[in-house]
Amino acid sequence: SSKMDSISKPTFDPKEHQHLRYNPLRDSWVLVSAHRMKRPWKGQVEKPPEDNTPRHDPNNPLCPGSVRAHGEVNPEYDSTFMFDNDFPALQPDAPDPGSDHHPLFQSKAARGVCKVMCFHPWSDITLPLMQPAEIRKVIDKWAEVIVELGAEYTWVQIFENKGAMMGCSNPHPHCQVWASNFLPNEAALAERCQRDFLQKHGEPLLVQYARMEAQAQERVVVENEHWLVVVPYWATWPFQTLLLPRRHVPRLPDLTAQERDSLASIMKRLLAKNDNLFEDSFPYSMGWHGAPTGSHLQEDMSHWQLHAHYYPPLLRSATIRKFMVGYEMLANEQRDLTPEQVLEQMRIINETHLNQMT
């Protein structure tokens, strides 16, 4: 029967056989079904985005000199520009719903501020096409706003939605900053998981992870002296990436001048590679996660490691997206391509942006 066993039980191959992978940052599992990439695609094909954005449009509320929704006039800014969102999801002075609630009908106070930050005065440019010194100004502004809003608020979420596929209606290069008096769900998960990991293993989760990925070189997309970008072992979205410092850094403002320059460089390389992958401006939602702020500034937060998530919706071309529906909404996140197979595709992609090749 031992001969029969060796015939009937093939050796596990992650590129061929389905398996589950654990995400230690979210305490959840992802189903990897590598064998499914062979199936034909008959699903929805998105329209490629129109590529005729004017450099300056007086009707675009994000442009220098434009009039915004409530009549404010933007300054003639020449690098970054930050302003309060004209339609905020969070406001600083909402009344408190009180604490006397039934366990099935709980609510609590939500207070905060929402800001919009333009990266550059031109509408027809994106981060990978900006100069490193211009990206550095964006990073400095990010650090500044975390210090400013973090003095009062528990969590400051910097995020960028890029591209119509991610619901971004305005092509002007910008991100948003939402600060809140509560720890949002994803932040609370990352807080708990990193705290537990340090207690159990004596080293911050993402410090250990970055070191092991740097050694293994199986999922590293780009790297430099201070930073590492990987397709995480537990990635859900096909081309998802995780940006990590090599040094233990709890929050963005803690980065040195050298690390900030180095970050500008690695962001430019990563995002150029992404655009070149499908020869198109690559859509994504990205955001920074760092140690909670506000009252937590006085606490020991050494279990935290700063990191940025990039979540692109694309599946196998610029016009075919992955939908998180059905089994994924009701049961378990699932992917077809393994992260290692994605890395093989990304590794060979040029880091000089197509639009900047002479």
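Keep in mind that glycine also has a Cβ here, set from the backbone N, Cα and C atoms.
Summarising the annotation, TrEMBL assigns active site, tele-UMP-histidine intermediate to His174. Annotation comment: TrEMBL describes 36-39, Ala69, 85-86, Asn161, 167-169, Gln176, 322-323, 327-328, Gln334 as UDP-alpha-D-glucose binding site. Among the features that TrEMBL reports, compositional bias 'Basic and acidic residues' is placed at 44-58. Taken from TrEMBL, the feature domain 'Galactose-1-phosphate uridyl transferase N-terminal' applies to 12-184. Under the heading domain 'Galactose-1-phosphate uridyl transferase C-terminal', TrEMBL lists 192-356.
A map of TrEMBL features onto the structure.
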residue	record	contacts (Cβ under 8 Å, 6+ apart)
Arg36	UDP-alpha-D-glucose binding site	Asp336
Asp86	UDP-alpha-D-glucose binding site	Pro61, Arg68, Ala69, His70, Glu72
Cys168	UDP-alpha-D-glucose binding site	Asn161, Lys162, Pro283
His174	active site, tele-UMP-histidine intermediate	Leu62, Val116, Met117, Cys118, Phe119, Glu160
Lys322	UDP-alpha-D-glucose binding site	Trp237, Pro238, Pro313, Leu314, Leu315
Glu328	UDP-alpha-D-glucose binding site	Gln334
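Taken together, the residues of the domain 'Galactose-1-phosphate uridyl transferase C-terminal' (192-356) have an average pLDDT of 95. Secondary structure by DSSP for the compositional bias 'Basic and acidic residues' (44-58): 0 helix, 0 strand, 15 coil.
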